[in-house]
Amino acid sequence: MDLFVIERYNGDVSKAEPDASASKSSHLQRLLSKIEEKKRIAAQLALEKEQEEKKKLEKKSLRQKVKAAKYEAKKNERSIKKPEETKLKEKKPKDKKGAGNKLPNSKTIGNFTILGDDNLGGKKSEVEAQLPHWLASPSTFSVDLQNLTVSIDDVPQLDKDLIEKLRSNKVTHFFPVQQQVIPALLEAQGKPLQFWPRDVCVSAPTGSGKTYAFVLPIVQALRHRFVRHVRALIVLPVQDLATQVFKVFQEFTKGITDLKAVCINAKESFEFEQSLLVNYSEANKKHYSCADIVVTTPGRLVDHLKSTNGFSLHHLKYLVIDEADRVLESVQDDWLYHLENHLHPDQTRRVASLTIKDTALRRPPPQKLLFSATLSSDPELLKELNLFQPRLFTSVVVSGSSTEQTEISSFVGKFSTPAEITEQWVLCDPDTKPLYLYSLISEGNWNTVIVFANTIESVHRLAVLMKHLLQDTKGVAEVSSTLTHIEREKILKKLVSGSVNVLVCSDAFSRGIDIPNVDCVISYDVPKHLKTYIHRVGRTGRAGRKGTAVSLLVERQKPKFMKMLKDAEKDATVKEKIVDTSSIKALEDVYKSALTSLKEDIMTEQVIKVKNIRQKKQFKNKSRKVRTSGSEPLLSKRRGVKPTSKVTILKQKYARKLRKVLSK
């Protein structure tokens, strides 16, 4: 029971009941009105916000338009100069602080100098290589060797007996490179001594007639000399190429001139080459030159400059560098340095005055003639040559059928091949790659095929394998740097005569060597560099003949090879050749037997090599024993060991090594 009871007044119950429903409805109306008010206020705020954003965007676009208009106005002011601004202004005296040295494109605000302009957001222009004028504006000629238009009678500067010599060699028209270079060189010969001849650089495809382009002008220029001196020096990278060029000089000097050309390429003994170069007169106690034209290699040239008394190049008129990129890139004995020191012994090289009298008395430097299918434009290499006002002849840039001078900036690294060559590539399986080569050679209608491999070992193994695969159908031979010059010449004669149809060789054979009627060149190993590819392909399609070049690729080599072709802008001309894989599978049994024969041949060769080494070692030991037998007491006193015991120990060591090799 509650202690305290509080009674509350709740109004009159009878009156409150009808008002309850009215109060509820009024309360609901108030709530609805508040909700509507909030919605209206929210919509009004959203509309105001949207209007503010539109105003901001309009202001921003207006500012951008004003800024762009100001920039265009400034740009027009800079590009359009008033006539009075182009007049020469008087030079103001500069103060000691260099106040006159005002930087271009600068303005001063207060005490601060602002460099450049405010065009920071403009589009950046691509930077192009700035080549020298002679590289950027070459004299171009066509690579078409089929439609020849210039006859040998159309060059009036050329002597008649040289023209008759050309006719006897079945030459009736000049190739494009010859019709451009020969007149230019002959024209330079008729100028006075004060006008030094310009140096010439020629970049033309292989087999386009570059050799005649310098042989004919040199022979004509030197044929009227009175005293014999070395007036023409031709430098080539390899012995075989030097011999080839020497034979061309012999062809055009014998019978019509008394000029004497000699070849110095280490084929003969050093003493014999010295007798070809100089002759010593006992009566006058002087050395006299025996040669007018010297064809040599870089290393042999340095040897004679150092060791041959009386060998002088101070009367040199022509310096020809054939396959110039390879000769310049090779650092063999630094031949260019020794040649410059020989021609200019005074290292000071005082700058003489440029009067007519002084230029007439001074002997002009030799005219440099550079020839190559892949002529380099490396500034460091060209600077070493000290070229005098050089002139470039190139077949790289030709617009349509025009051969006029063209302004170019894309000469660097662009090489070309004769248009008569069909270039292809074959995708093959690495395990059966020799079968693809065998299939191409056997199915192709080719009489003479040259196959290139990257290493000497690959050349030998591939040649032996192809002998077993082809058997008696085609003759196979190999050429590499391991063979002597005489052995290489014998193989080349067999190739020309037709007794050898397939020649497997390394890249030492890829430059300059002219083999007539080569139908196909196959790159069994993909070349690592673009220059190597160009020179390999150039072994066929020479002198306007048709030819085919095929490269064998595996899948992983394809991207790099395609990039190389793209760099040379040849990716559209070199097409894929499809080989029937069913014919490859049918030859697997023949391939297995050929591999077995290859293994047996290689093992036999290794045994023979070991025997030869053993015989040489025994011969050395016997000769050493004979030399030391007379002084045995003295050696035993000094060293305390008998020579015979030492020889016995060496024999035992060698016998153990030999047993290990034979067991393997």
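Keep in mind that glycine also has a Cβ here, set from the backbone N, Cα and C atoms.
Sequence annotations record features per position, and here TrEMBL assigns compositional bias 'Basic and acidic residues' to 49-61 (among others). With a threshold of 8 Å between CB atoms, no same-chain residue lying at least 6 positions outside the compositional bias 'Basic and acidic residues' (49-61) comes near it.
The region 'Disordered' annotation in TrEMBL covers 49-108 (among others).
TrEMBL lists 69-98 (among others) with the feature compositional bias 'Basic and acidic residues'.
Taken from TrEMBL, the feature domain 'Helicase ATP-binding' applies to 191-393.
Per TrEMBL, the feature domain 'Helicase C-terminal' maps to 436-591. Taken together, the residues of the domain 'Helicase C-terminal' (436-591) have an average pLDDT of 88.
Per TrEMBL, region 'Disordered' is recorded for 619-644 (among others).
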Can you break down the compositional bias 'Basic and acidic residues' (49-61) into helix, strand and coil residue counts using DSSP?
13 helix, 0 strand, 0 coil
